[in-house]
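For reference, the structure discussed in these notes is given below.
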Amino acid sequence: MINLFLFCRAGYEKDCAAEIQVRAAELDIGGFVKTNTNDAYVIFQCFQAGDAEVLAKNISLDSLIFARQMFAAKELLKGLPEQDRISPIVEALTQVNKAGELRVETPDTNEAKERSNFCRKFTVPLRQALKKSGALLEKENPKRPIIHVCFVASGQAYVGYSLSNNSSPYFMGIPRLKIAADAPSRSTLKLDEAFIHFIPKEEQETRLSSGMKAVDLGACPGGWTYQLVRRGMFVAAVDNGPMDQGLMDTGQVKHYQADGFRFEPPRKNITWLVCDMIEKPSRVAELIEAWAINGWFKESIFNLKLPMKARYKEVSTILATMEEILKENGVDDFSIAAKHLYHDRDEVTVHLCLRPSQPW
């Protein structure tokens, strides 16, 4: 296959494109990007046939900041006839053998969502045809490749596959989360998604456990504090503004009316530091660096607000600088990852874990 198809947020195509060009070059794979603003996807077309599979295998999806999902794809199928869209798709997937799942998707745009009903109905007959051809197993198998059919326009689709161990478990790479009725703000979904994304499911009980101490910088009105409280943690909520009364009534929150940039925790046995402040990303990064150098937390999730242009370059520079500063100050054992999550808008979410080699 010659194309790598990447889902992203509408308006972030240039950032996703810039990132995949850098990552492909690191693997000495040549190609060029094809994208349009607000299409919510990027195509990286390789110069050599078969290189798309190399990228899909060797670039970790989790290591990409702006891509929600990716798959190796054939050339765009155009003019799929209304009377028989299935045959051309089955023919295009002849090199795929015994896949474990089928996903018929669209990009995440308002226009594309109008095709979602069609995609659901079309999935059933297409699944049967792919089983008959041998491209798809009779029963779903989470260890086998995933077939993707993405309709980018009426009668136009990219088809291909992703590897189950390097793929989002969600359609279009979008987790469907519901906001709780008593949550103080919609921002609560950002931290909920961040925990799901950055902390493996089998480790969540250990790393997000009841009784842990946490600090939320810039907490008002309590959207992020809410996620910590509902997991049984005790939270120092730092903000000059008022906190949600329901959170305060739990007895798990102590409100410090202070500037998050000047606050020093009275106790240093903190497992989680979280921060979602509207501030220059470099200043937030410097704040987290200071806490890390002082050894005041074990893990942190924080948001970096993005500039209007050159967002990939800005984030990459900030993360590289953070790694350099931590190492210069004797913090050598750490891991850092960033993702433009579905519930993020003009920001990216970063996870920093200190001493990941040590048990929790």
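Cβ from N, Cα, C; glycine included.
The S-adenosyl-L-methionine binding site annotation in Swiss-Prot covers Ser187, Cys220, Pro221, Gly222, Gly223, Asp239, Asp259, Asp276. Cβ contacts within 10 Å of Asp276 (S-adenosyl-L-methionine binding site), excluding its own Cβ and spanning all protein chains shown: 24.
Other Cβ atoms within 10 Å of the Cβ of Lys305 (active site, proton acceptor), summed over all protein chains shown, number 17. The feature active site, proton acceptor is assigned by Swiss-Prot to Lys305, with sequence analysis given as support.
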Need one number for the S-adenosyl-L-methionine-binding residues Ser187, Cys220, Pro221, Gly222, Gly223, Asp239, Asp259, Asp276: the maximum pairwise CA distance in Å, whole number please. 20
Given the binding-site residues Asp239, Asp259, which one is most crowded in terms of C-beta atoms within 10 angstroms? Asp239
Hey, how far is Cys220 (S-adenosyl-L-methionine binding site) from Lys305 (active site, proton acceptor), Cα to Cα, in Å? 17
Inter-residue Cα distance where the pair is Lys305 (active site, proton acceptor) and Pro221 (S-adenosyl-L-methionine binding site), in Å: 19
Long-range neighbours only, meaning 6 or more apart in sequence with Cβ under 8 Å: which ones does Gly222 (S-adenosyl-L-methionine binding site) have? Pro184, Ser185, Asp216, Ala237, Met243, Asp244, Leu247, Val253
